[in-house]
Structures are given as structure tokens and as C-alpha cells.
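K.L.:
Have a look at this one.
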Amino acid sequence: MSETATWQPSASIPNLLKRAAIMAEIRRFFADRGVLEVETPCMSQATVTDIHLFPFETRFVGPGHSQGINLYLMTSPEYHMKRLLAAGCGPVFQLCRSFRNEEMGRHHNPEFTMLEWYRPHYDMYRLMNEVDDLLQQVLDCQPAESLSYQQAFLRHLEIDPLSADKTQLREAAAKLDLSNIADTEEDRDTLLQLLFTMGVEPHIGKEKPTFIYHFPASQASLAQISTEDHRVAERFEVYYKGIELANGFHELTDAREQQQRFEQDNRKRAARGLPQQPIDQNLLDALAAGLPDCSGVALGVDRLVMLALGAESLADVIAFTVDRA
């Protein structure tokens, strides 16, 4: 959109009408499949420990809390939705605001709309198929292709990400003229992410959506480790036309293992000079009480709408981006 007074919306009114139609289409998709729409809090007393996520923090002062308590805007509704699953709600979805205190640009806004849903008794592959169904319906695109993380690296970088050591990863980075970053990086997963971002992403999802699945176990986050290959996690991401659209897991249900991962994240944070984050005990208690075997996925709605409309930037499909908020 051309430069206008900042009181005006960044997106055109016709685009906002099309966005509303897509939101309605998403709701029909899940209603037709018997998936319950839910609403969960935008704030929590705990937050994510992932070293790559940066939440907004605020402080509540009120009756019973005269000294104030810290609250965090949710980076995704995942933890609350899993508590609903543990309480027996069955399959659920949510369209909600999420917040990340990170970059802004063509594909990023600190406040954004997330579509997240969970399917009890679905494995990773069955959920991938459902994501594919939704993308075909909203984007009118071809059926997606799928590549394992290992296959993607071998095809585009000629290196095995599951066995390569840091020296080999740095050599691969040098071929991409990334030595200035890679040579001083000691974290193997950061090196892998650098190679994936610069050496794999530009080549996938050009003509049709591409699922990348079986990420390294060290990048499992809240996903289960594969029982068939302990080197990989039951995790997938979806890419289309240069954009990461979604991130999904066959969800970890073991409370003790999840706590260990949170604690490991905080140790990594401390080593990098980042603040350690409060662990969500309510989530751990829900896992201990019994999270059903399930798979879940988070999808960026603003990016989906941008692709559906052939727009150049999130600003073309969001009423007011942060610089106009």
C-alpha cells in the first residue's frame, strides 16, 4: 500500500474483507470436522523457555497482589490448550492473537494471528495430511510434497545433518559464504538452523507447499522423539513460496521429560546471557494428569492470508501493523 497518514489502516478495505472471508472459511473447515473452537488467556504467569523466542512482559497490581505479579503475553496458546486437552475437551482449535518481542518486517509483526489446533489420537503424518487439506482449500494450491529434514539437507547441501560434526557444518557454511557467522558459533543446532535458513529454505516450496519433517532430536521442543529413529523428533514445518507457514508436533506427553527440556532451555539461556524464564508448572501438572496422545500444529494466519491474496507484505493484510498501532 502507498504511504499514507499513520491513522489509516495499513491494509486496504477490500483486503480486509477478503481476510474476513478466509477467517470464516477456516472456521467452517473445523466445524465440518467436528473440532471445537476455544478461547484461552492472552497472558500467563509463566512463559516459553525456548532460547529463540522472546515474550513481552508486563506487571499486574491489584487486590491480593499489592506487590504485583509478572505476566507474559502468550507467544502461542499451546500451553493452555494442552491443559484443556488433559481435561478431556477432545479435538480443539483456536484463532487468537499471539505476541513475540522480536523483529518486524514483510513477514513479521510483534502481534499476529495464530491458528492452532490439536487432534487426539492423530500421529504426525495424519495431522500433516489435514494441514495439507486446509492449505489446498484456502490457497487453492497443489497437494504438498514432503521431505525429511535429512533428505532436504542431502538434496540441497550434500551433507547429513544427523551425523555431521561442527567442523563439517562450518565447511558447508563456508560454501554459502557464511563463515563470518559460522566460525564463531559453538552451538550445533544454531549452525544447523543457519544452514537450513540460508541453504535449504530458498529451494523448497516454490511451486507447492513443502513439509519438512523429522527434525533433529535436539530440536524436539515439545515433540516426541521418534521410536523408530532416536536421532529425530516427530516434528514438522511447512514452507510455501519462501514463507514458513506452520510448525507441528506429535506432542510430548511425559511431564518429567518436558520439565527436563525446559530446564535445559534455561541452562542454554544462562550460557547466552539471556534471562531464565519461569517454567509453566500448570502445564507440567496437566501432562502428569494425563495428556492424551495427540498431534498439534500452529499456523500463521497473517502469512496464510498474504499468500492467498498474493500480497507482498503482512502490512497488506493486517489492519494496523505495529508502527501504526
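The backbone N, Cα and C atoms fix where each Cβ goes, glycine too.
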K.L.:
Which one of G290, G296, G300 goes with R100, N101, E102, N109, E244, L245 at the ATP site, as Swiss-Prot has it?
P.N.:
G300
K.L.:
Looking at Swiss-Prot, which one out of E251, E257, E263, E312 binds substrate in the same site as S76, P77, E78, Y118?
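P.N.:
Candidate listed by Swiss-Prot for the same site: E251.
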K.L.:
When the Cα-Cα distance from Y118 (substrate binding site) is computed for each of the binding-site residues R100, N101, E102, N109, G300, which gives the smallest value?
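P.N.:
Given the candidates R100, N101, E102, N109, G300, the nearest one is G300.
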K.L.:
Near R100 (ATP binding site), which of the binding-site residues S76, P77, E78, E251 can be found within 10 Å, Cα to Cα?
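P.N.:
Neighbours among binding-site residues, in sequence order: S76.
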K.L.:
Which of the binding-site residues S76, P77, E78, E251 has its Cα nearest to the Cα of L245 (ATP binding site)?
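P.N.:
If we rank S76, P77, E78, E251 by Cα distance to L245 (ATP binding site), first place goes to S76.
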K.L.:
If you run the three-state DSSP split on G300 (ATP binding site), which class comes out?
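P.N.:
Where G300 (ATP binding site) sits, the three-state DSSP reduction gives strand.
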K.L.:
According to DSSP, which kind of secondary structure is E78 (substrate binding site) found in, if we only use helix, strand and coil?
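P.N.:
E78 (substrate binding site) sits in a helix per DSSP.
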